[in-house]
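Each remark here refers to the structure printed beneath this line.
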Amino acid sequence: MVLDTGSELSWLQCNTTQRDRPAFDPTRSVSYTPVACSSPTCTTQTQDFSIPASCDARNLCHAVLSYADASSSEGNLAFDNFTIAGSKFPGTIFGCMDSGSTTNPEEDSKTTGLMGMNRGSLSFISQMGFKKFSYCISASDLSGILLFGDSNYTWLLPLNYTPLIQISTPLPYFNRVAYTVQLEGIKVSENLLQLPKSIFEPDHTGAGQTMVDSGTQFTFLLSPAYTALRNEFINQTGGILRVLEDPDFVFQGAFDLCFRVPLNSTGLPELPAVSLVFRGAQITLSGARLLYRVPGEIRGSDAVHCLTFGNSELLGMEAYIIGHHHQQNVWMEFDLEKSRIGVAQVQCDLAGQRFGIRH
């Protein structure tokens, strides 16, 4: 399952006719129980879904889920017994999905579903009742680690904490069940971008919040911040990177700063680090985490590499989103009791070994 801190409902692919991906067959589970659309689970607990749950022809609770990357999933809510690492969670509510659309079929074919981990009442972490969870995403294909509950990891660097931002008043564009933090600035090398503090704060409609979302690949910034970062990065890499001059090429619809890197080069040149400065914490990105090689894009004898920050407004999003690419090799602790997120730069594969996890 894909670990997704940006969404609520966990779901499994239940369409067993698709041979190209693993699926859960509900007919083989004696404990599987569909949720009726008249039940409180369907009528009240789905209130934070972006599209309200509805009744299907069999009077079962039907959900349509849509995601930031424009993919979607559709099916029925159900109860079943989940077991994770030996712990049993009977009567867990999840989605048994039979259709949907994907923007990344190759990746989606490797997974059976999604583990929703936001602050909504139906998320996996809310149903399990844990007040804390942590994860560490490896920078390569090595295994990462997901930890439920508290654990004594004093060997870690001290975590720097940033508070979770909550707005009690319902606002049209503010996601109340997201992990929202306060982004205060962006640095390229040690140059703090000259931006007014107000552009990092949600406006009166709730637009402009900063969400930590492990289910989104890259990081998205609102236009003023994105443009300032784009200009400063070009300015600082002028002598070492060649900009791709192609106004028609925008990677994934939001990444319009790309570079030509010779195919015969042994690696990327030394790049200026980019730091995301939060209230009380900072994540610093360097090297390969700043540029992504676009598969299959060749210009002459050059590969195409794009900056891993996109313009959220090109996708019609009114938010800053910190994606999983920029959480790699960062220990991420979600402390729901104290309403804060702790971060520390760490080698995730080594952290996994500390917990006795072998790859």
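Using the three backbone atoms N, Cα and C, a Cβ is placed for every residue, glycine included.
Per TrEMBL, the features are:
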type	residues	note
DOMAIN	1-344	domain 'Peptidase A1'
ACT_SITE	ASP4	active site
ACT_SITE	ASP213	active site
Discussion item. If you count other CB atoms within 10 A of each CB, which of ASP4, ASP213 wins among these active-site residues?
Written reply: ASP213
Discussion item. What does the structure give for the C-alpha distance between ASP4 (active site) and ASP213 (active site)? Integer Å is fine.
Written reply: 7
Item to complete: Average the pLDDT scores across the domain 'Peptidase A1' (1-344) and report the rounded value.
Response: 92
